[in-house]
Amino acid sequence: MQNITHSWFVQGMIKATSDAWLKGWDERNGGNLTLRLDEADIAPFTDDFHQEPRYIALSQPMPLLANTPFIVTGSGKFFRNVQLDPAANLGVVKVDSDGAGYHILWGLNHEAVPTSELPAHFLSHCERINATDGKDRVIMHCHATNLIALTYVLENNTPLFTRKLWEGSTECLVVFPDGVGILPWMVPGTDEIGQATAQEMQKHSLVLWPFHGVFGSGPTLDETFGLIDTAEKSAEVLVKIYSMGGMKQTITREELVALGKRFGVTPLASALALY
């Protein structure tokens, strides 16, 4: 029988966390990643589960996630080490039948626990399940360097930030036509920032935490990584533009509209209406 470490979901988490570290997005224990699974995904690996799974109560019940398994990164764990010891740095957890807590079925060895941002992840999963009819399964948080840098120099509002990212790279409007949500600065690891992030996730697949990082959501690990990677590439272009004296020309409103029509997406109206 195949070991769980060779499963598609453990291998996918290893690749995503390794790639994110190589990108420079996840220094030290920065960043966290969760993937919503189905019972059928984990059923072949019950022999690998802990004999006495630890139970941890959630700070607030999440009945929408009842009986749902997830694979998650651990609190205080370094992304660069996931590939070296998946069972120490990742965990498969399953929310209980009333959504009040979860059991750690596999991994998170040596009394480790899931990421401190689990409230933000689970609340965001709930919103993205509703927003996408269950298609979105991944929530990824990382410290994408250039996106963070832009939060210091651009006005932190959704229409402006979205419009500038669309202008920074032609593919951006196609990849995230719903724009980028932005929070005020908040203390991380709290229910409050989790609730605020989830509220923005009702409308946007990308949410910026100013001076901190970004949250992204998507149907697969590849799609979610690619979403953040696309926004971060545009942010890198913008950082270079602003360091060279600013834009002399850019993609116009009319061109953005034409781009949306060509690829069958509806651009965020408030970003289009800016100028």
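Here, residue 1 is simply the first one shown, and the rest follow in order.
Yeah, the Cβs are placed from backbone N, Cα and C, and that goes for glycine too.
Annotated Zn(2+)-binding residues in Swiss-Prot are His141, His143, and among His103, His204, His212 the one listed with them is His212. For the pair formed by Glu117 (active site) and His141 (Zn(2+) binding site), distance between Cα atoms is given as 9 Å, rounded to the nearest Å.
Residue density at His143 (Zn(2+) binding site): 19 other Cβ atoms are found within 10 A of its Cβ, drawing on all protein chains shown. Cβ proximity to the Zn(2+) site centre (mean Cβ of His141, His143, His212, cutoff 8 Å) flags the following additional same-chain residues: Gly30, Gly31, Cys142, Ala144, Ile148, Pro188, Trp209, Gly213, Val214, Phe215. Fewest Cβ neighbours within 10 Å among the binding-site residues His141, His212: this applies to His212.
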